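Visitor: Got a structure here, written out as structure tokens. Questions coming.
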Amino acid sequence: MARASCAWHSLWLLQWTPLFLGPSAVPPVWALNLDSEKFSVYAGPNGSHFGFSVDFHKDKHGSVSIVVGAPRALNASQEETGAVFLCPWKANGGKCNPLLFDLRDETRNLGFQIFQTFKTGQGLGASVVSWNDVIVACAPWQHWNVLEKRDEAEKTPVGGCFLAQLQSGGRAEYSPCRANTMSSVYAESFRGDKRYCEAGFSLAVTQAGELVLGAPGGYFFLGLLARVPIENIISSYRPGTLLWHVSNQRFTYDNSNPVFFDGYRGYSVAVGEFDGDPSTTEYVSGAPTWSWTLGAVEILDSYYQPLHRLHGEQMASYFGHSVAVTDVNGDGRHDLLVGAPLYMESRADRKLAEVGRVYLFLQPKGPQALSTPTLLLTGTQLYGRFGSAIAPLGDLNRDGYNDIAVAAPYGGPSGQGQVLIFLGQSEGLSPRPSQVLDSPFPTGSGFGFSLRGAVDIDDNGYPDLIVGAYGASKVAVYRAQPVVMATVQLMVQDSLNPTLKNCVLDQTKTPVSCFNIQMCVGATGHNIPQKLHLKAELQLDLQKPRQGRRVLLLASQQASLTLSLDLGGRDKPICHTTGAFLRDEADFRDKLSPIVLSLNVSLPPEETGGAPAVVLHGETHVQEQTRIILDCGEDDLCVPQLRLTATAGDSPLLIGADNVLELKIEAANDGEGAYEAELAVHLPPGAHYMRALSNIEGFERLVCTQKKENESRVALCELGNPMKKDTRIGITMLVSVENLEEAGESVSFQLQVRSKNSQNPNSKVVMLPVAIQAEATVELRGNSFPASLVVAAEEGDREQEDLDRWVSRLEHTYELHNIGPGTVNGLRLLIHIPGQSQPSDLLYILDVQPQGGLLCSTQPSPKVDWKLSTPSPSSIRPVHHQRERRQAFLQGPKPGQQDPVLVSCDGSASCTVVECELREMVRGQRAMVTVQVMLGLSSLRQRPQEQFVLQSHAWFNVSSLPYSVPVVSLPSGQARVQTQLLRALEERAIPVWWVLVGVLGGLLLLTLLVLAMWKAGFFKRNRPPLEEDEEEE
């Protein structure tokens, strides 16, 4: 029993469990003639799974209704028994009425046995089918049990079907798997066990009225088919009896072959003609778990002998979940379609994606077996369950080939579901959908879980489609619109002669080369309106941008024309002629490519603003082309002979520098005209085009652009349109090149002269290598602060206040500057300072202060704790620290005096060596070392009359440059810094007579100035007149 329970639950889950999925991609498609805007919607009770199964029903008066199954609907006692609804068709939907059946559990006694039926949870409406006046609705999970004393058959889902005769109101039931065999009979063997049939899980009916039921749980889940004429079911039915005999019912046989175990034969069923005998019917059965879940589809004859057995290609893909039979290629033979909604394909990331697949098997001529699928339709949406349902549609667009609908009930932009329409054709089916219907219901509706087509519900001559969405408990009816088959012709002359100016523009009176364009449009179709309004749009030189069109209409000087055409469905085509002209050759570049003219025909929207009532199909778009006649000889074919030479000079490119490279190029054409000729210079990484000049008068500055081609930059310069025969152009192109650190020892420029000619369009490619080198210039400068120092000997006794009062400090500074362009590694700087900080030395090293990353060491190290002796009253002190009165100092040696003494390390004097290192110095970087020294008092006292020049000396070198290219030279250099030590003269008293002469001279000058002013009347003053004086006057 555990095995039976597990298998039964797997059947239930695959049919009923919805998946909630994320967005998925749908390939772009064009719409055909199912009206996706004006569809009818029928709704059932919430949660009833209304739409789980659907079918059309046409009564004897020709009225069409829709039969809808709702397997989870509640009965009047609020028990979940399921229900079947009949919905009269209306354009705007309408109310659905339930068909009444006896849905009560029943118990009957027959001798020592008690028969029981259990209809709660039976799933009435899981499958429905209509034939003539009869509607068959099945409940595959209806349970049955037989009790006999202490034994029982066990309560199991045998399944059952209900039949409703609409005209007479009669009812009948059919449950082919009911039996009164006790479970003890099956204790040793399950052979022949029909207790788990789930009869009616799938359902089909032949044109003759033979009912075919699939029972995937029959024979202990091998599955079986049961078929019987509907008339026999009705005639054999005995109300009030739970177990009765139905004549002429036939079952498939049990099988002990392990490949059939748990195969679920009868999971899907269909009928068709596959043996070449139209008088017989063959039965198609899907077994999706046959041969350990590989799946199979069988085509059985009337004796249930297998004619064909088709195997799945992938384990657990559920090959055979759905089957459909129709003639898609118009050869008069039925073809087979099989769905495998769990098929997984391997994607680019090597992961498996569950997308679903549909297999098309075209029936060959003669007795050949169906084996290899003719076409594979694979879903594109992850977990969309493409192929869950397949429905023949009939000839949807009236082109002579039957079409099909394939459902992906959990596909679509948000997992709401989709139905894809595939058109039949002579080769089978179109590989891409002609129309995609997106679910109008919320996510999880299962839109497309059930499909039914091939019936004209609105009597317009085109078959319509029912789509069930059980998750939303709704059904949508899509009606097919009439299809207008268009025929379009466009005629234009083969070539245009630009030199033949046979027309004049009205506005500018400019002569132009003109030509005529003729357009013809026709339309035919089944049941189309007598008067048809079409819109025709003509586009000139469509492949060019709107502002670059080479031909325009004469009347409007525009590149497009829209016409309104009125024609009947059976009238002859309507033709219209218009004039156009070729623009002047100076207004465009392209003279070689064809001029493409396009004519597109479409249906304008209705005056109410809605979609048209018909659909336009067929030849709605046509293109023709013409060309411009060229001056290229009798064959009108120009064959250029393009040449190119180039040089780049001898100077290499330097890493780190702002290089400007001058390319000398000569382009020549020794053949016929080269149209749209251009110089193409492929620039290496780091190179940028600046400008290009030519040696042609009036053509000095070339028109060039920089573009990207194949991830590299290329400079394109126009050379003429056309570049005529025997043309020679000298070109100088300037290119900036930088960022060469990773370029290697050279960069290459690829040059070529190209044209748009069809024959021999380009010159040979010239590769121009340019060497790369590394170079750096490092500058060393020195400075002394102060540049000179004046000292003088003082008379009298002074007490020493501090070291700075009596001792002068000096600084020798050396600065390194990398001017570039490259970076240097391993820079080493040596500085020699005279003296080793001994008491007898003239200079005493105080400190070494490096900056800019330098690391320095001193040998010997400065003795910062060395004690100086106290200077005597006759010692000297720097005059720049304190000055009481003006002093004279010695600028240089006077006659009889000695030259200044040079104190440096060039001789045998003892010196201090400062050694500094810098690992890396980039372009523009600076580094500095400051050496602080002070003068030694004892040395100056010993040599009071001497002047000195204090000199330090520095050298530097570089070990390498961090590049794998040749180095021009390694930087090195030296510098010296000098400080002059000057002696001041002794102070002298000013003579008294100098003072007396100065005072007397000043008094004399003042007296003379006063006398001159008196003579000039400066001291005479006049009083201003009073008012009385003015009155007297």
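Using the three backbone atoms N, Cα and C, a Cβ is placed for every residue, glycine included.
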Visitor: Would you mind checking which of Cys503, Cys575 shares a disulfide with Cys514 in Swiss-Prot?
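Guide: That record, Swiss-Prot, gives the partner as Cys503.
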Visitor: Regarding the disulphide bond with Cys87, report which of Cys96, Cys138 Swiss-Prot records as its partner.
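Guide: Between Cys87 and the options Cys96, Cys138, Swiss-Prot records the bond with Cys96.
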Visitor: Looking at 142-146, 282-286, 452-456, 1017-1021, which one does Swiss-Prot call motif 'GFFKR motif'?
Guide: 1017-1021
Visitor: What does Swiss-Prot give as the disulfide partner of Cys911, choosing from Cys905, Cys916?
Guide: Cys905
Visitor: When the Cα-Cα distance from Asn329 (Ca(2+) 2 binding site) is computed for each of the recorded positions Asn46, Glu273, Asp277, Asn710, Asn957, which gives the smallest value?
Guide: Glu273
Visitor: Determine, for the Ca(2+) 1 site, the additional residues of the same chain whose CB lies within 8 Å of the mean position of the CB atoms of Glu273, Asp275, Asp277, Thr280, Glu282; present them in sequence order.
Guide: Phe274, Gly276, Pro278, Ser279, Thr281, Asp301
Visitor: With an 8 Å cut-off on Cβ distance to the Asp327, Asn329, Asp331, Arg333, Asp335 Cβ center, who else from the chain surrounds the Ca(2+) 2 site?
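Guide: Near the Ca(2+) 2 site, the remaining chain residues are Val328, Gly330, Gly332, His334, Leu362, Gln363.
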Visitor: Out of Asp275, Asp331, Arg333, point to the one nearest Asn710 (N-linked glycosylation site) in space (Cα versus Cα); all of them are binding-site residues in the record.
Guide: Asp331
Visitor: By the count of other Cβ atoms within 10 Å, pick out the sparsest of the binding-site residues Glu273, Asp277, Glu282.
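Guide: It is Asp277 that, of the binding-site residues Glu273, Asp277, Glu282, has the fewest other Cβ atoms within 10 Å.
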Visitor: What count of other C-beta atoms do you get within 10 angstroms of the C-beta of Asn710 (N-linked glycosylation site), across all chains shown?
Guide: 6
Visitor: Validating a neighbour-count step here. Other CB atoms within 10 A of the CB of Asn46 (N-linked glycosylation site): how many?
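Guide: Within a 10 Å radius of the Cβ of Asn46 (N-linked glycosylation site) lie 8 other Cβ atoms.
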Visitor: What does the structure give for the C-alpha distance between Asp335 (Ca(2+) 2 binding site) and Glu273 (Ca(2+) 1 binding site)? Integer Å is fine.
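Guide: Approximately 9 Å lies between the Cα of Asp335 (Ca(2+) 2 binding site) and that of Glu273 (Ca(2+) 1 binding site).
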Visitor: Of the binding-site residues Asp277, Glu282, Asp327, Arg333, which one sits closest to Asn957 (N-linked glycosylation site) when you measure Cα to Cα?
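Guide: Answer for the nearest of the binding-site residues: Asp327.
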Visitor: So what's the mean pLDDT when you look at the repeat 'FG-GAP 1' (35-96)?
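Guide: Summarising the repeat 'FG-GAP 1' (35-96) by its mean pLDDT gives 94.
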